[in-house]
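Reading through the structure tokens given below for one structure.
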Amino acid sequence: MKVLAFTLILAAAFAIVEIPIRPVHETPEEKYAHFKRLQILKQLSAGTTDVELTNYQTAQYYGPVQIGTPPQNFLVVFDTGSSNLWVPSRSCTSIACMRHNRYNHTASSTYTANGKAISIEYGSGGVSGYLSQDVVTWGGIKVPNITFGEMTSLVGTSFVVSKFDGILGMAWQAISADNVPPVYQSMFKLGVLPSDSFAFYLTATDNAAGSALTLGGFNPSYTKGDWHYFTLIQDTYWRISIDSISVNGVKIAATGIQGIVDSGTTALVGDKKIVDLINAKIPTVSQTCANLSKLPVVTVTIGGVNYPLTGTNYVIQVTSDGQTECDNGWMGMDFPEQLKNVVILGDLFIRTYYAHFDYAGNRVGFSTAV
């Protein structure tokens, strides 16, 4: 991105182009509306902090945090589908722990013991250990007295092969294990961020640079469309109502659907009975990616706003050893009763639509990503 920007600057310096300027006549009301929109954009982007995320095969997006004094480095998934921060403990000696950075509380002068047992279950496995307290540095901002999980057991193959060390949850405290306050809420209380909100921009190309988590608002350079916001159903997950889901313009599901916007889920995972209806209209995805352009458009309608997903948007593409393989990103699961009629709008959706998570407004917004 920096190279491209520099190239454009050079081109502008050596080429003089005359562009005719035509007057635009605005009413006083239109001028005021335009002024207010610019003010909102400035407020939401001023003083924000971008945390660079690593994109690993468009399946894992993770970034850095530091814990302790002196700081110990960790790579974590910033997960809007959970609310706790945890990292492996030095006392954990399983393969899953040994392959990752482990927290050594004896090496930190700001560590405070807690010791209460904690366990968290994810779709990909479970972790357990005990609570500890220390300073967490995130996006260059030091947040003192953070309670987090120092995990002594990581169960599941996904934790063995993952590129990240731990998870930093960014959902609401209501679903936090042991009611531990989420790190972001503690960070905002320091008064160093302009807005109690954050945004995810995820690149869509394998291992591409440029993915970012913006703390304190959103970054206008990551979007090319208008914003539309939707009120949360409850302060637990980032959970919203979905009007309907259509395939090539034909509604296949339109009653009581809810969406959870989850940066920690790669695919579009939903209640099996809903996803089965979607997949019945989608031809088999070519493993060699040959038929992406022929796949139907799946449109998720939220609050009267259509969010179309083409085959390129909803197909998972993984490149290994120079060869790219494709698979359908719509996946059905037998959800528990509390997730009945839910569709998880994971990274495939967020890559297409830049997502702004607004704690203060109890809402989440989307705008077409660049």
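First residue shown is number 1, and so on along the chain.
Backbone N, Cα and C define each Cβ position, glycine as well.
If you check TrEMBL, you get these features:
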type	residues	note
ACT_SITE	Asp79	active site
ACT_SITE	Asp262	active site
DISULFID	Cys92-Cys97	disulfide bond
DOMAIN	61-367	domain 'Peptidase A1'
SIGNAL	1-15	signal peptide
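Here the features listed in TrEMBL are painted onto the structure.
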| residue | record | Cβ within 10 Å |
| --- | --- | --- |
| Asp79 | active site | 23 |
| Cys92 | disulfide bond | 21 |
| Cys97 | disulfide bond | 24 |
| Asp262 | active site | 23 |
DSSP, reduced to three states, assigns Asp79 (active site) to strand
Of the recorded positions Asp79, Cys92, Cys97, the one whose Cα sits nearest to the Cα of Asp262 (active site) is Asp79
Quick note, Asp79 (active site) and Cys92 (disulfide bond): C-alpha atoms separated, nearest Å, by 23
Per DSSP (three-state), Asp262 (active site) is coil
